[in-house]
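Here is what TrEMBL records for this protein:
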type	residues	note
COMPBIAS	1-13	compositional bias 'Polar residues'
REGION	1-24	region 'Disordered'
BINDING	143, 144, 159, 166, 167, 168	substrate binding site
């Protein structure tokens with residue numbers, strides 16, 4: 001048997017090695033591990049507007065952290081009806097510079113209210129067919145209460161403050177731009 005060929009039974013009987021060296025305070029590895037974790041775990045705010053189909057898996061993966069036990073999601077999809085009319089798709093437009101700025105403010109507000117790690121807000125623009133996602137918000141935190149509250153706040157505030165407009169496309173070849181009744185600049189008719 002060459003020096004590189006060790007049978008697993010011989011190895012396990014003769015040598016018991018820990019899977020990784022124990023971390024001893026003051027050891028040479030300790031600063032490296034701390035620095036690596038700090039670099040990897042800097043809180044992130046990820047904001048994206050796109051005409052492409054949104055992926056729940058992609059957005060949720062962006063906020064996962066080994067320090068967190070919770071990832072909360074909100075997924076807003078196009079439904080097939082509104083006030084008795086059959087909806088075939090939605091069309092979204094946004095004033096991007098202001099929309100991005102408002103979402104950054106929402107992220108900042110969330111960070112002041114709850115201890116969260118990462119936040120992702122993805123919004124689709126253009127045509128969004130029935131059952132596809134128009135908005136995905138994901139937040140990670142150590143415990144579920146913070147991420148759940150943050151996600152709820154994020155979607156409510158987004159609908160109230162972010163300049164995004166929605167046009168409903170109906171089956172009978174008509175369409176209607178919808179005023180967001182939750183928006184602060186909307187007036188009661």
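Backbone N, Cα and C atoms are what each Cβ position is placed from, and that goes for glycine too.
Mapped onto this structure are the features recorded in TrEMBL.
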residue	record	CB count, 10 Å
143	substrate binding site	12
144	substrate binding site	13
159	substrate binding site	15
166	substrate binding site	16
167	substrate binding site	14
168	substrate binding site	20
